[in-house]
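Here is the structure we will look at, set down as structure tokens.
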Amino acid sequence: MVSDMDGGKRKRSICSPQEPLAALKILKDGNNKRDEIPDRVTLKKEIGLLSACTIIIGNIIGSGIFISPKGVLEHSGSVGLALIVWILGGCIAALGSLCYAELGVTIPKSGGDYSYVTEIFGGLVGFLLLWSAVLIMYPTTLAVIALTFSNYVLQPVFPDCVPPYMATRLLSTVCLLFLTWVNCSSVRMATRIQDVFTVGKLAALGLIIVVGLVQICKGNYEGLTPQVAFEFSTTPSVGQIALAFLQASFAFSGWNFLNYVTEEVVEPRRNLPRAIYISIPLVTFVYTLTNIAYFSAMSPEELLSSNAVAVTFGEKLLGMFSVIMPISVALSTFGGINGYLFTSSRLCFSGAREGHLPSLLAMIHFKNCTPIPALLCCCTATIVILCIGETHNLINYVSFINYLSYGVTIAGLLYYRWKKPKLYRPIKVNLLVPITYLMFWALLLGFSLYSEPVVCGVGLVIMLTGVPVYFLGVHWKAKPKCIYDFIESATYVAQRLCFVVFPQFDPIEISPIEEWPDKSSDTLSRKS
């Protein structure tokens, strides 16, 4: 979609961000009339408060609550300590989300952690976060959720054995391709799917909670009494408790995902913090009650021996209606896949817009206004991870990198306060909030490094492999002309295949001048 006419000859070029419609304006149909083209190709603000809440809740509640209870109990050593870990995990996520609310309205760009760290610390640190996220963190998380979806869907078909390896991979791939198509077709359709499936997954967890409360009302709460709940099978070390928090953090991951789509949120300075304040306490409450329900029906030994906690719970208490549980889990993970695709594609989009990824990934469809190249990139990376083999072993690596990026970002908030004290901040959290989070973060990562040095070391190595990539791909500007010619040709072909152009960005929309009383050097850079 990038051709123009010059003296009767066709000349190929790549649209610049400043003139995203230049190439499209010459498209003509058979009647020599110009195709219907929107006056302005840009990301649409279609995410209201409800959809914002469902993005956060839908991304947090995926496969984690059905996978992590076993890991949290195993590392904590007792029911009581496991419940404390779940509650504190939600409190820590709430502290982090308050910090992200300030960053989200102070630096109102899509891209979340990556955009904030790039703005505050510069390109290299931002690229390392982007590199680890695109290379391993989000494709692996998506693969884990997709495999959980496949296993629960196929379990009724293979009741007496584990579903075949190829069957789970094929179904996961089909699910990913379908949801990628949905996200490529319409932002509104993707958010509506997120709304519906978030309600569905809350209903599924609500069923578990209600059945568990009925059990407690019948007097089946022996395992939850303090004298029994704090009986340790093995006394956990501080490092084991840290690993229990890492497992819980996997279940809470996604609390910051609304910050990835800030530019598509209606009135982000009002709706972004509201959505965070509503969603995080709700998820923490639901997670805690869900774990209490699990322990009301299962002994610690039964929970540790189960590979599908919700299904085991359903088989014990729901009888002939136990089929509801695998269906509910499948619906929950389906919505989780949609949410992760939606938000992780915006991370690729933001990275390309800053020049840290190929420019093609910063383009959107000229009518649907969806980032098709970025969505296809995320889908392809996830399918590659699925084909490599077992992904569950990567959860600890993902959790470590996740927590590392959270800490760096919130440390950036403190540094930004010092660096630009006069910058207008619509939300300004008490300094105790980021400091408390960082203290907990440092303790958790320190004890994790001590307890699992190999896991944490591999996570660091994955991140640091981005250093040579950054200097070769981003910092090195004087590349041979043949490389630039190849990139231009490949981008041109991909534009024609995907019908995509650079979106237009109105700097006034990204950071309204009237909102920034100090127009000195403290003003945010308005780079589109």
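Glycine too: its Cβ is placed from the backbone N, Cα and C atoms.
Keep in mind that TrEMBL annotations are predicted by a computer and have not been checked by a curator.
As given in TrEMBL:
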type     : residues : note
TRANSMEM : 47-67    : transmembrane segment
TRANSMEM : 79-100   : transmembrane segment
TRANSMEM : 121-150  : transmembrane segment
TRANSMEM : 170-190  : transmembrane segment
TRANSMEM : 202-221  : transmembrane segment
TRANSMEM : 241-262  : transmembrane segment
TRANSMEM : 274-297  : transmembrane segment
TRANSMEM : 317-343  : transmembrane segment
TRANSMEM : 372-391  : transmembrane segment
TRANSMEM : 397-417  : transmembrane segment
TRANSMEM : 429-451  : transmembrane segment
TRANSMEM : 457-476  : transmembrane segment
Checklist outcome for this item: Across 121-150, 202-221, 241-262, 372-391, 429-451, the most C-beta pairs under 8 Å with the transmembrane segment (274-297) come from 202-221
Item to check | Any contact, the transmembrane segment (121-150) to the transmembrane segment (79-100), with at least 3 Cβ pairs under 8 A | outcome: no
Checklist entry - Taking 79-100, 241-262, 457-476 as candidates, which has the most Cβ pairs under 8 Å with the transmembrane segment (429-451)? => result 79-100
Checklist entry - If we call contact 3 or more Cβ pairs under 8 Å (sequence gap 6 or more), are the transmembrane segment (170-190) and the transmembrane segment (397-417) touching? => result no
Checklist outcome for this item: Of the listed stretches 47-67, 202-221, 241-262, 317-343, the one with the highest count of C-beta pairs below 8 angstroms to the transmembrane segment (79-100) is 241-262
Checklist entry - Going along the chain, which residues at least six beyond the ends of the transmembrane segment (202-221) come within the CB cut-off of under 8 Å? => result 57, 61, 65, 286, 289-290, 292-294, 296-297, 310, 313, 317-318, 324-325, 328-329, 331-332
Checklist outcome for this item: Here the stretch out of 47-67, 241-262, 317-343, 397-417, 457-476 with the most C-beta pairs under 8 Å to the transmembrane segment (372-391) is 317-343
Checklist entry - Which bits of the chain, at least 6 residues beyond where the transmembrane segment (317-343) starts or stops, bring a Cβ under 8 A of a Cβ in it? => result 55, 58-59, 61-63, 66, 112, 138, 141-142, 145-146, 148-149, 152-153, 155-156, 175-176, 179-180, 182-183, 190-191, 193-194, 196-198, 200-201, 203-205, 207-208, 211, 215, 254, 257-258, 260-261, 297, 308, 310-311, 375, 378-379
